[in-house]
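Novice: As listed in TrEMBL for this protein:
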TRANSMEM  A:21-50  transmembrane segment
TRANSMEM  A:70-100  transmembrane segment
DOMAIN    A:75-294  domain 'ABC transmembrane type-1'
TRANSMEM  A:120-140  transmembrane segment
TRANSMEM  A:146-165  transmembrane segment
TRANSMEM  A:214-233  transmembrane segment
TRANSMEM  A:276-297  transmembrane segment
Amino acid sequence: MIPADLSGIQRIIRRNKRRDLIFAIFGFVALLIGVLTFLALFLQMAFAGWERLTPDFFTSFPSRRAGQAGILSAWVGSVLVMLVTAVSAVPLGVAAGVYLEEYATRSWVTDLIEINVTNLAGVPSIVYGLLALGVFVYAFGFGQSILSAGLTLGLLILPVVIVATREAIRSIPQHIREGAYALGATRWQVTRDHIVPYSMPGILTGVIIGMSRAIGETAPVITIGALTFIAFLPESPIGPEFPWVNFEWLKSGFTVMPIQMFNWTSRPEEAFQQNAAAAGFVLVLMTLAMNAISIWIRYHLRKDIKW
Amino acid sequence: MVGHIAMRSIDRPDGQAARPTLGSVAGASSALARDGRSLPDTPPIKAAAENFSFFYGQFQALKSITLPVYEKHVTALIGPSGCGKSTLLRACNRMHDLYPGNRYEGAIRLLPDNTNLLDPAVDPIEVRMRIGMVFQKPNPFPKSIYENVAYGLRIRGEKSRSVLDDRVEEALKGAALWAEVAHRLNEPAFALSGGQQQRLCIARCLATDPEVLLFDEPTSALDPIATASIEELIDQLRQKVTILIVTHNMQQAARVSDFTAYMYLGELIEFGETRQMFVNPVRPETEDYITGRFG
Ligand SMILES: Nc1ncnc2c1ncn2[C@@H]1O[C@H](COP(=O)(O)OP(=O)(O)O)[C@@H](O)[C@H]1O
Ligand SMILES: [Mg+2]
């Protein structure tokens with residue numbers, strides 16, 4: 001009903017504003033549920049594991065005595081595996097995304113690939129573990145190593161990187177591309193000088209989302225044979241002589257944070273539960289740190305990109 | 001109505017100068033096919049479309065266009081929205097090759113070498129290196145002012161810092177932008193105003209010395225003051241480079257161009273000297289359009 005007079009108009013405005021308020025409250029509550037759940041989990045782990053969060057905890061190997069056990073092999077393992085994951089997934093994912101967006105002409109083949117990539121993102125991670133066990137561990141002979149684990153998780157996050165790359169590329173306005181082509185640039189020059197740099201913030205976001213998922217993955221890493229009890233470190237990636245790098249660590253056995261946690265939670269003693277909570281707290285901090293770094297990098301890249 | 005008055009106030013030239021009509025255009029370009037020269041009473045031809053047709057898939061956007069572009073003069077393409085002005089302009093640097101399903105017929109020749117730009121054997125990159133383009137919306141790269149101007153040189157393999165510096169300065173001066181940006185070449189290009197950005201895009205083209213410059217409604221996203229500065233710039237540039245400009249603004253065509261082509265529904269209706277055309281168009285359709293009775 002269309003109001004005829006001023007008081008009618010005011011009544012309608014009041015009604016509309018009430019609806020506005022109802023949604024605002026609902027949205028706020030929804031947000032609160034998410035935030036509070038995270039805080040509850042995080043704080044609970046923090047309180048439960050608080051006493052164990054000493055420097056020794058970070059520099060000790062696991063032990064049969066809960067009080068002496070630490071996460072040294074686990075956090076080093078996680079960091080190294082993540083390194084391999086990033087180094088393998090980023091170039092492959094970016095190249096695939098750029099190819100699909102800038103090079104491939106649209107046809108049913110690219111449509112098929114597109115559907116495939118999207119579905120790949122939904123494949124349960126244990127399936128990646130099985131695949132990797134057959135391919136990396138046995139067929140390629142990489143063994144139950146950091147290399148196998150890193151590549152497995154790399155495959156796992158590949159679809160995320162590809163999708164993020166494509167999204168980022170699509171947000172580059174066509175007239176920027178045309179400006180470069182009009183100067184006589186080749187497709188490769190446009191890709192190298194414009195497409196990749198301008199989509200970097202978006203790509204990074206995707207990489208970090210993928211890595212945050214990968215760092216917490218347990219199933220595929222156990223499938224390929226991560227150990228649950230490790231009392232040694234892989235060889236240092238920095239060698240004593242020229243060229244000062246050393247790739248022996250890639251072949252090393254390993255464990256990672258979530259597996260260490262899982263191992264401890266399956267022990268009956270209360271003290272190990274404390275260790276698990278402390279490790280969980282550290283794992284969440286590692287994820288938060290990755291996110292913080294990505295936000296920082298993104299901010300710095302994005303402030304120079306406008307159109 | 002203002003437009004009507006403004007246009008009618010252009011002084012009638014004394015005497016009736018030779019008016020290149022479609023017939024003489026065809027004559028000019030067939031003469032050009034023989035010896036690369038144009039009719040004696042017109043300037044030398046830099047480029048010419050000959051029976052040029054263009055198809056977006058099944059849709060024919062341009063129908064057998066024959067049009068000369070005279071060297072170091074400004075030729076304006078006018079006509080109602082959707083008549084094919086941009087399509088014609090973008091054919092001149094093979095922009096349509098970037099998208100699938102587009103098809104060219106006929107020829108666009110570039111003089112003095114008489115290359116058919118549309119020949120599949122001619123690399124579109126070679127065409128784009130000879131012919132620069134300025135777009136409707138200023139489209140500087142999200143890089144520094146310096147890198148924007150240097151980019152064309154970089155993709156041509158220029159690495160020497162001093163050469164780049166010199167050419168960047170020269171191009172920015174050529175685009176009447178040097179004074180405004182000389183002290184902040186390393187600042188991002190998007191920090192410039194719209195008009196400055198468009199002059200930057202012009203400088204970006206000038207840096208590589210194109211033979212022809214294409215402008216697609218270069219001022220339609222700009223305010224009147226920025227528009228005036230771009231028009232002034234085009235007026236200076238005509239001494240150095242051949243210009244083909246699309247505009248939907250007839251006063252602009254009247255102000256900046258030497259020759260005008262009126263297009264309608266993919267066809268070239270009339271081509272002539274701008275002064276002639278605005279004062280005394282041959283075809284009634286042209287007259288209707290430029291007097292604002294339609295369009
Ligand atoms: N990419 C395209 N695909 C199909 N048709 C197009 C495309 N671009 C333009 N057209 C059509 O071609 C005709 C000419 O367009 P255009 O050259 O952009 O006109 P103008 O620049 O004179 O306004 C219009 O009918 C338009 O709808
Ligand atoms: Mg247009």
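Just so you know, glycine gets a Cβ as well, placed from its N, Cα and C.
TrEMBL annotations: computationally assigned, not manually curated.
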Novice: Select the range from A:21-50, A:70-100, A:146-165, A:214-233, A:276-297 that forms the most Cβ-Cβ pairs under 8 Å with the transmembrane segment (A:120-140).
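Specialist: Looking only at A:21-50, A:70-100, A:146-165, A:214-233, A:276-297, the most contacts with the transmembrane segment (A:120-140) come from A:214-233.
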Novice: Which one of these stretches, A:21-50, A:70-100, A:146-165, A:214-233, has the most C-beta pairs shorter than 8 Å to the transmembrane segment (A:276-297)?
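Specialist: That would be A:21-50.
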Novice: Would you mind listing the long-range same-chain contacts of the transmembrane segment (A:214-233), meaning Cβ under 8 Å and 6+ residues beyond its ends?
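Specialist: Here the qualifying positions are 61-62, 72-74, 76-78, 81-82, 85, 124-126, 128-130, 132-133, 136-137, 144, 148-149, 152-153, 156-157, 253-260, 262-263, 283, 286-287, 290.
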